[in-house]
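S.K.: In case it's useful when we look at the structure, here is the feature table from TrEMBL:
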type	residues	note
TRANSMEM	12-34	transmembrane segment
TRANSMEM	40-64	transmembrane segment
TRANSMEM	76-95	transmembrane segment
TRANSMEM	127-150	transmembrane segment
TRANSMEM	170-196	transmembrane segment
TRANSMEM	224-245	transmembrane segment
TRANSMEM	257-281	transmembrane segment
Amino acid sequence: MLTTINYILSSYAYLVVGTLLILVNIPVFLLVITREALRGSYLVLAIVFLNNGFTGIGAVSVGIKRLIIFHDGEKFINHHECVLNVTLLLLAAYFVDGFSLLMNSIERLCAVTFPIYYYIHITRISYSLIIAQYVITIIAITSIVIASFIQPSRRISNFCYLSATYSQRFYFASLQLSSAVTLLSIVFMIIVVITLKKKFGVRNLTSHSNNCDLSHFLKNQKRYTHTALISCCFTFFLVVVPSIMEEIYIMEFSSKAQIILVSCMYLRMLNSFNMAVVFLYRQKDFRHTAIQCFKNLFYKRKPNVQPIAVIAFGG
């Protein structure tokens, strides 16, 4: 029974969840990035959707690879052969997902702490945060890969499980770092909400009522921040709690422990649906633009055909 569950979780579930992540997040990313009105306010968030879609690509790649292995048969190989395997995509995805959530929270903090400066320099701030998350991820993943190659060779399953492939010390540290970064993003968002109540009150909005664009911007930022906080609540239960469970069972090698570890991994991947669904439901501009795109795609207006006047020639 446990073997069957492990088989499904290690292959088909990756394909299903990964495909859904791609189908949900990539269209939402394209929706934001191709609409100037959304791109200006949600550029950092759009990169979160892109990273979540990348997680889906990594999951599908791992699922396909493992189905092939199940067909050909499991064998033991040098762990160095797994270091640059498709599982590296998943490891990178977990890192960049955590840091993109942190950068999104930092962006929210900038928006509510220095609203006027943020309004003027929004593009510069957004690009700086986007670059930072990728630079940090590249440095972290490169360090783990180098540490794993330096280690003496050992025989592991060709399924290339993350916990077996990479240096245990570095992999354990990466789990802790990813969990800490995600938890920090939640803490920042709580600070943002507290600051929001003080600085984005009715009096503050009234003081900028003469500038219609700025007033609308501030109101939208307030709703955006509340939506992000709701998303953070889901993130706590889908990322932070499973990460704690992983740290408890990571040193065990029983079938039950492996199923728990894989289940925790899936919960982290399910968090990648979180922001896209919550923002489509909560943000009016998101929802309105998505509905309009859907209507344009499936209910295109029929071209207006002008009636042709028929002139009869009598004889």
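Backbone N, Cα and C define each Cβ position, glycine as well.
Nobody curates TrEMBL annotations by hand; they come from automatic prediction.
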S.K.: At a C-beta cut-off of under 8 Å, are there same-chain residues at least 6 beyond the transmembrane segment (257-281) that contact it? List them, or none.
M.R.: 2, 5-6, 9-10, 13, 17-18, 20-21, 24-25, 28, 45, 48-49, 52, 55-56, 59, 94, 97, 161-163, 227, 230-231, 234-235, 238-239, 241-243, 245-246, 249-250, 287, 290
S.K.: Using a Cβ-Cβ cut-off of under 8 Å, list the residues of the same chain that are 6+ residues beyond the ends of the transmembrane segment (40-64) and lie near it.
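M.R.: Beyond its ends, the transmembrane segment (40-64) has Cβ neighbours at 11-15, 17-26, 28-29, 32-33, 86-87, 89-90, 92-94, 96-97, 100-101, 103-104, 107, 122-123, 126-127, 129-130, 133, 217, 220-221, 224, 269, 272-273, 275-276, 279, 286.
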